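As recorded in TrEMBL:
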DOMAIN    91-218  domain 'PARG helical'
DOMAIN    236-458  domain 'PARG catalytic Macro'
ACT_SITE  ASP267  active site
BINDING   ASN270, GLN284, TYR325  substrate binding site
ACT_SITE  GLU285  active site
ACT_SITE  GLU286  active site
Amino acid sequence: MEPSASGLAARGDLRSALPFLPVVLRGGALFWPPAAQESLRALALGPDVSRVASGDVLADALTDLRLALSLPALSPRATDGLALFFDDLLSRAQAQGWFAEVIPNLARLLLRLPALLEDHYAKAGDGASGLRILASQDAGIVLLSQELVAAMLTCALFCLFPTDGRAEASLPTINFDSLFVALVHNARQSQEQKVRCLVHYFERVTDSTPTGFVSFERKVLPRRAVSDGVTYPDMDAWMKSSAPLCQSRVFSSGFIEDEEEEALEVDFANRFLGGGALSRGCVQEEIRFMINPELIAGMLFMASMEDNEAIEIVGTERFSQYMGYGSSFRFVGDYLDSKPIDSMGRRRTRIVAIDALDCPTRLHYESSGLLREVNKAFCGFFDQSKLQLYAKLFQDSNNKDINPSVSSNGYVGVSTGNWGCGAFGGNPEIKSMIQWIAASQALRPFVNYYTFEDASLERLGEVIRWILRHGWTVGELWHMLVEYSSQRLRGETKKGFFPWLLPNGSPNNEVQYMSE
């Protein structure tokens, strides 16, 4: 179904996104500006016509494209980065393949971008899932085809997205120029390896166009009372929660992205989705965005997250294998994603972005910090269809007969690890308990926790077994976490939470009382 001329122009979702897209709307249809279209057509005909057969000439061609879109020229440092990568770091054979085949195919894909967008808006119907800016507190979902995502990422590679107004709208950087700038001014080889992951993605999608879909959802816990769900819970609500604690398994090795069970896979996110993926970052979030590059598309339209928000992304395909972490990160080859497809055409890969407190120090133990973190995780883990049930759990402390494995939607658990405990400086013992509490309250059937061999979590499995053996609820574990934190703030204990909690290591009489 083709959108009518008047219908496309009247769409609020398109009007929201249009200032941040490189195409223009005229006469109710989307177009490339004529000069840009001419440049793309030349690129599509290959190096014999475009003369683009090296990194420095590619940089010149991209500057011409940007000027045709009334954008400033690429910075000299970005130009240097493009030349360095395509002329020096890629093998001669791979570079020739890029200039002869990949770049012309990417240009052809971009020439289809207006039609892909029009088709997207036609299929989005009333706009419920149409591409738009999802601003803070704007709960909603955007459903994109993988082909449209590939075209959007090509725009980012070619640095064609307008930048005016993005900072004011709290949107992260989306063009790849900063990625190439960092390549020149960053001695770590990990930066080159990040670009290699993305290069591999573009080679794959130009060789075979992906046919699935990816959804991007902003999840919001309302701060004001709502009639049909649960609002941002306060300390008392968590104390009263009657939700049973779900099963939790601990793995000292393995990775969240290799999770075999269907689960929400936690992205240890920056409040700006993607964090430093398109600059110098190379830790958990950035690595996930390199091996599942379709995640980057969300950076175009997802504004930064507030304390009561999370972002869930379903359907991204993994394209790359890797090894290492941080400065040791390396692209090591192709990855064929075998995840099954759901009824919406999405791969059953569910990634939830939640941002932790940055360098919290004493805030680890203050009620406001604990509340912020548990609500952030709960926002990420909740299932919209269970909101009324959540409200009952928060309000009725005697309602202990709910089985999360029965109540949960499709038995989708949570796969996580040391969220906010690296550069953000969080306490792994507290964060492991907070995520368990939040997942249980969200009626998730299990938590698979990957410790990455963190020494402070050696007793995590022992603690989990002890708590489950005594049948604690979410409210009871939350109470103990708050009590422990209060004692830490008052200087009454210097122990970690685990030795403080376990009977053989704790002087706390309340632990004995609750375990009887």
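FYI, residue positions are counted from 1 along the chain as it appears here.
Any Cβ shown, glycine's included, is placed from N, Cα and C.
Quick caveat, the model's predicted, so the values are computed rather than measured.
ASN270 (substrate binding site) sits 8 Å from GLU285 (active site), taking the CA atoms of both as reference points. The two recorded residues, GLN284 (substrate binding site) and ASP267 (active site), have Cα atoms 7 Å apart. Of all the active-site residues listed (ASP267, GLU285, GLU286), ASP267 sits in the most crowded Cβ setting, with the most other Cβ atoms within 10 Å.
Listed in sequence order, CYS282, VAL283, ILE287 are the same-chain residues at least 6 apart in sequence whose CB falls under 8 Å from the CB of TYR325 (substrate binding site). Neighbour count (other Cβ atoms within 10 Å of the Cβ, all protein chains): 22 for ASN270 (substrate binding site). Counting in whole angstrom, ASP267 (active site) lies 6 from GLU285 (active site) by their C-alpha atoms.
With DSSP states grouped into helix (H, G, I), strand (E, B) and coil, the domain 'PARG helical' (91-218) comes out at 70 helix, 13 strand, 45 coil. Largest Cα to Cα distance within the recorded substrate binders ASN270, GLN284, TYR325: about 17 Å as a whole number.
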